Amino acid sequence: MLLIETPFYMDQVLKFDMTENAVITALPFLSLWIFSIALSRTLDWLRSKNIITTTTARKIGTLFASLVPAACLLGLCYIGCNRAGAVVLMAVGITSIGGMFCGFLSNHIDIAPNFAGTLMAMTNTVATIPGIVVPIFVGILTHGNQTISAWRVIFFVTIGLYIIEIIAYTLFGSGEEQSWNKVTENKEDFEVKPLKNEKTHV
């Protein structure tokens, strides 16, 4: 929602022209990049000092990427057409999404390094669904009704999804290697061949 539909909100509700909109929408992604690096290094340093566990680090990163944007969206619901305040809230919300890189996106290799690629493929496939559904959902709600009240419905639905994610990941998320990651190799399955330069003696 924040990554895809923010420009439309700025155009429809805040009445930014496209030139202003492009610059203001793009700048938070620079801060997102900087924030993701800073948070990642901080959490890794805390882990190296055994101050926090890998599980705690992943949950902190995910909370930044979920709780802060949810709070910013809640603020947008009641800030009205205060352009400066709305821009600040959106910038903070988008920036904090950078926490996902050291949060749940790093979690695959924590819990199952042998299957991290497969897990990423599966979860990323599911994660593309909102990219398809969100524009349709927003288009239906705002068609002929490009008002703050229509966008409040959109924001509240997004906040609800954030709450579900926060609760689920906080309760069930783990940074520890899972038992099903261990792969046992059967030596009988491998054919032992002599090296090419090995000489055989009769």
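Every residue number used here counts from 1 along the chain in the order it is shown.
For all residues, glycine too, the Cβ spot is worked out from N, Cα and C.
Whatever TrEMBL says is automated annotation, not expert-curated.
Taken straight from TrEMBL:
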| type | residues | note |
| --- | --- | --- |
| TRANSMEM | 21-40 | transmembrane segment |
| TRANSMEM | 60-79 | transmembrane segment |
| TRANSMEM | 86-106 | transmembrane segment |
| TRANSMEM | 118-141 | transmembrane segment |
| TRANSMEM | 153-172 | transmembrane segment |
Quiz item: With an 8 Å cut-off on Cβ pairs and a sequence gap of 6 or more, do the transmembrane segment (118-141) and the transmembrane segment (86-106) reach 3 or more such pairs?
Solution: no
Exercise. May I ask for the residues of the chain that lie six or more residues beyond the transmembrane segment (86-106) and have a Cβ under 8 Å from a Cβ within it?
Key: 2-3, 6, 9-10, 13-14, 24, 27-29, 31-36, 39-40, 43-44, 57-65, 68-69, 71-73, 75-76, 79, 169, 173
